[in-house]
């Protein structure tokens with residue numbers, strides 16, 4: 001005979017679920033606070049560590065009580081712009097990676113799948129080879145325009161058809177095709193133009209060194225708009241993850257969500273790549289780490305990606321300064337060495353790799 005649930009047991013079951021949910025939210029919030037503290041620590045380390053190491057007190061003094069000393073000038077004129085750029089580039093890459101993985105439902109997707117890197121590289125090559133662009137500030141606008149045009153082309157091809165809807169599979173295939181064409185054109189220009197090849201290498205390796213606040217101010221508006229748009233889409237992305245039909249029944253416009261997500265990815269990844277060059281693994285790895293910590297909720301994944309990405313980028317930049325003193329290893333190289341083993345370990349965990 002089946003026992004009937006008593007009122008007391010039913011009440012206990014109903015109250016246990018809210019308490020579990022509250023505990024989960026508390027853990028996620030605590031984790032986010034810890035991540036913010038870690039970001040502050042990494043920022044201070046980025047300002048203090050380099051060819052000439054200096055105490056944190058000297059770093060803080062450069063902002064609180066500037067004396068014009070050589071150490072403080074190094075902090076304010078060289079390391080501060082570099083660190084700020086590392087923060088915003090990291091945010092752009094990590095957040096765009098989380099968006100593209102949610103958009104395509106592919107845990108191995110990164111912003112390059114929309115042709116962002118290929119478009120930026122092709123445009124920079126054209127700028128160097130045919131227009132004589134030689135400055136980082138000049139690269140930024142060519143790279144961003146190239147990323148924007150490439151992503152637009154991917155969207156047009158991926159949404160072509162009778163339904164005129166954005167299909168993740170067609171979008172992925174279109175991105176691969178466009179990236180392959182642009183990569184081939186880029187290599188063709190570089191092979192026939194030695195000057196373009198020499199200048200292109202310094203941008204293509206991926207670096208935040210040698211940039212100033214002109215570069216920062218050029219990309220901040222695009223990344224800021226992309227961040228706001230991405231966070232505003234988090235609830236809709238949770239619905240889309242349930243499937244198109246169920247998302248539509250919940251009142252979510254699936255096609256609009258995907259279009260806005262593509263725009264956000266273009267702004268975030270395009271501006272980040274334009275400023276620092278192609279930097280791999282951050283947009284691919286950070287969403288995995290965030291998903292492993294908080295689960296499938298896109299609201300928390302995006303929030304964690306926003307904080308964890310600059311931590312990884314700045315930490316990689318610091319490692320590059322330390323291991324090659326008095327020279328340095330570019331951050332794009334370090335992220336590959338750091339990211340590859342971590343990503344391999346993460347994708348082996350079902351919780352981290354599943355969407």
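Using the three backbone atoms N, Cα and C, a Cβ is placed for every residue, glycine included.
As recorded in TrEMBL:
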| type | residues | note |
| --- | --- | --- |
| TRANSMEM | 29-49 | transmembrane segment |
| TRANSMEM | 80-100 | transmembrane segment |
| TRANSMEM | 112-133 | transmembrane segment |
| TRANSMEM | 139-157 | transmembrane segment |
| TRANSMEM | 169-190 | transmembrane segment |
| TRANSMEM | 259-289 | transmembrane segment |
| TRANSMEM | 301-323 | transmembrane segment |
| TRANSMEM | 329-347 | transmembrane segment |
Problem set entry | Distant-in-sequence neighbours of the transmembrane segment (29-49), which means Cβ under 8 A and at least six residues beyond its ends | 55-56, 58-59, 75, 79-80, 82-83, 86-87, 293-294, 300, 303-304, 307-308, 310-311, 314-315, 317-318, 321-322
For this session: Determine which recorded stretch among 112-133, 139-157, 169-190, 259-289, 301-323 has the most C-beta pairs below 8 angstroms with the transmembrane segment (80-100).
Result: 259-289
Exercise. Can you say which of 112-133, 139-157, 169-190, 301-323 has the most Cβ pairs under 8 Å with the transmembrane segment (329-347)?
Worked result: 301-323
Problem set entry | When counting Cβ pairs under 8 Å to the transmembrane segment (169-190), the leader among 112-133, 139-157, 301-323 | 112-133
